[in-house]
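I have placed the structure first, in the form of structure tokens, so that the comments after it can refer back to it.
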């Protein structure tokens, strides 16, 4: 959730919807990391825009993020290279974009009556997400536990 992320970090832009941070393949025994460094910069303007719409680097302007591509490079080299037997780089990013579109979290929460700026319990949010994904999410909150926490 970009507004929570940006409370503690300098952000150049703050989208008003949930964004992709990464797509992390795993196996039964744990998450896979650091399987290689093979990121190739994206060249097509449409491809960069589509990915930036869903997976923005909040610390960089849109044009800088699409030019430098350091966030996508880091995440792909750390996680995406661990699934190259199934997905090449283009397919990895396509899967992330498709999952973001399929499980548009803000839209799904609104459909379940959860609106940003209002107060809900963790259980209410988790149940709203489970209703759509059929799985319980791993939710994180930030803030002062004696006051109001924000979903991150």
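Backbone N, Cα and C atoms are what each Cβ position is placed from, and that goes for glycine too.
Summarising the annotation, TrEMBL assigns active site to 21 (among others).
Taking Cβ-Cβ distances under 8 Å and a sequence gap of 6 or more within the same chain, the neighbours of residue 75 (active site) are 21, 22, 23. For 75 (among others), the entry in TrEMBL reads active site.
Residues or ranges marked as active site by TrEMBL: 79 (among others). Taking the Cβ of residue 79 (active site) as centre and 10 Å as the limit, one finds 20 other Cβ atoms among all the protein chains shown.
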